[in-house]
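What TrEMBL says about this one:
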{"type": "COMPBIAS", "residues": "A:1-28", "note": "compositional bias 'Basic and acidic residues'"}
{"type": "DOMAIN", "residues": "A:33-144", "note": "domain 'Aldehyde oxidase/xanthine dehydrogenase a/b hammerhead'"}
{"type": "REGION", "residues": "A:1-33", "note": "region 'Disordered'"}
Amino acid sequence: MELRKSYFADQRKDDLHEIGQPRPRSDSPGHVTGKTAYFADRNFPAMLHLKMVRSPHHHARIRSIDISEAEMHPGVVKILTAKDVPHNVYTILILIQIGPEDETVLADGKVRWKGEAVVAVLAETERAAHEAAAKVKVDYEVLPAVFDMEEALKPGAPVVNEYHGRNYYLYDSGECRKVRFGDVEAGFAGADHVLEQTYQSSPIEHAPTETTGCIVAPEGNDRFTCYTNTQAMFFTLDNASIILQMPGNRLHFVGGTVGGGFGGKVDVIVEPIAILGAKLTGRPVSFIYSREEEMQISSPRAAEKVVIKDGVMKDGRIVARKVTGYTDAGAYSRHSPYGAQKGAGHYPGPYTIPNVWIDTYCVYTNRTPSSAMRGFGVTIGDFALEVQMDKLARLIGMDPLEFRFINAYRDGDMKAHRQPTEGAALIECMQEASRAANWPVAEKFMAMSSYAKGA
Amino acid sequence: MAIRRGRGVAAINYPTGMNLGGDPTQALVHSTPTGNFMVTLSSVDLGQGMKQIMAQICAETIGVPTDRVVVDTADTDTGPHCMGTFASRGTHRAGNAVIQAAREARQVMLEVAAEELEVNASDLETDGQGNILVKGAPQRSISIFDVALSAHFKRGRSISGRGMFLIPRSYPEKETGAMKPSTCYAHACTVAEVEVDDETGEVTVLTVKNVFEIGRALNPKMVEQQLVGGSWMGISHALYETTEPYYPDRDHGGTDFNQYLMPGPGDLAQTEIIVLERPSADGPFGAKGPGEMCANPQIPAVANAVFDAVGVRIDTLPITPERILRALKAQASN
């Protein structure tokens, strides 16, 4: 890695002592010698293991649940169903007033995705919990499922989630988050070329080294300590408090070094049910995802579809951009309404375009609920935007890098969401990339500046 | 049939912190009798090294070496509130809270030192080595160890401080979408070079040259680990990963690392990282959040390089050999 201090030298004082120094990480020796303690390194006497009975269907009504045989299995201590969860229907972003509550801790009457948690089995050993889970009998009536976002948005499509009543999230702005800036149709009408393209992605796993999990220990005084690898301590505690209808002062969350997050550990999935198990049995409870659960049960990055329509002039100026983004939330909201909205705030990318129209939809389908992941709401949008930029440049016969200089945002430029640009640095990144990659551009672009007047 | 070479570019920006704000983080700082400082947080270190960075931020602000600072975090009984470690917010939000707390603690420390040295606190400065000196007369000095002892056992003072950072929440306007998604943005430009085998559809990423603008590299070695890892993750997203290979078909999802493809060491490109620093107005020492944005530009850069190599557009991620071969076949039949 190289620090190129010649850029922005007038924007910065290099007079610091501890900051800017490549100090060795104080936690590195522990990591590389195996001494660092993770949540799962704790082992309590009489600890129980929790395993979930999961839906084998993408969409089904639950006619009945029979736990009688599972309860008789040697080593089983407690079996939990929906009726045991004090506030079973929840949504995590209720903490920032983004509702409605739309998800069940344990399925109640219906399952909406293959893998959904239905019954929790607590047993003396992992093996006993696994074996007993296989003896839980759930009678399902399979319902039509919908997997394709376009199909889900058509009239008459099966309704994925009754708490929404429609297969998209209803924002205060309507069926999507909207950004309107200038007159996009006039922009297309006056453009030399108009190009509309569709981009698509598939769900992605966070693939952390350490799978999602927690261990809960009763403190003996009606308090419960939850050792967890959540990325957000109080966010998880507060949601657990709502789900369990338990005052927050009864809950003590202890985290520590996490073996990789990438956004995969902000969903509040394992903690509430493990705390409930500890409360009802009076014993420590461990609930740790297997690798299979981490990959197919825990939320992936959403699949997205992005439609971009651009009006561009022969001289390289983009004069209009319309973006329609679709985020596949799966069966429940989790963080997806936030992610889709974040996309609306990100488009049309780091370019100054006078006419912009943005609609971002959060769509429900019968698949594993998606949620946050590194680059949430932006990564797939950037893929779409930057491939589109390459196509536009080639369409008008211009060098793709020079084309970006022409449109790059600079300090003071008004963004589509009506914030003036501050602290821009795209131009300088491209100038350095031009040098580093030996990709020459015209001298006038190398003389540009994100902030200096007249440059 | 041949191996074809191409290159592609992508340029991006990325917001720092929870979208639309409203995501507070608090910090507490206090000294022990030995003159070491404790930073107390409830923020989570995901392995990216948050504790180390918070120690350096506290040390810089108080004016002591980093190894005099200990960070205690991720305990809801002891640590003040933090919204969490996500949205590239850890360093920016918690760092600002630590600076505010450390400034308050530093002020008490200087007041105690001033009493011991019989000067005004405003006439004192730290040497960064654990001592407090009279400005212009460095022979008059006191060690921070002695100041801490004085505060605890003689003066009855608590060398401590409280810190809080909150960007007020922005609510998007319904019709126009007017909003403030973030207060600062990191930037990147990536150039990727690939080889594509037009017989097998296999892509080899030869080089990835990344330029990242991140406000301030608080610890350059740790910036490097995050940016290199992110760059590899970007390649992995572009070419390998998905839990649903035939999305929206729900079948064929991988359940372990034998089935869920990721690049191994031999699949990684020669990676170059160049860092620019344009300090942000509200970042701790100007820092922005580079954690997420560093994994984004490689994806379109690789996609554009594949087109440059073989002349087909793969607009669906991941860019698998199967998709490339189908596109080449379609191109040949047209």
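Even glycines carry a Cβ here, placed using N, Cα and C.
All TrEMBL annotations are machine predictions without curation.
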Go ahead and report the DSSP secondary structure tallies for the domain 'Aldehyde oxidase/xanthine dehydrogenase a/b hammerhead' (A:33-144): helix first, then strand, then coil.
23 helix, 38 strand, 51 coil
Give the mean pLDDT for the domain 'Aldehyde oxidase/xanthine dehydrogenase a/b hammerhead' (A:33-144) on the 0 to 100 scale.
97
Could you give me three numbers for the compositional bias 'Basic and acidic residues' (A:1-28), the DSSP helix, strand and coil residue counts?
4 helix, 2 strand, 22 coil
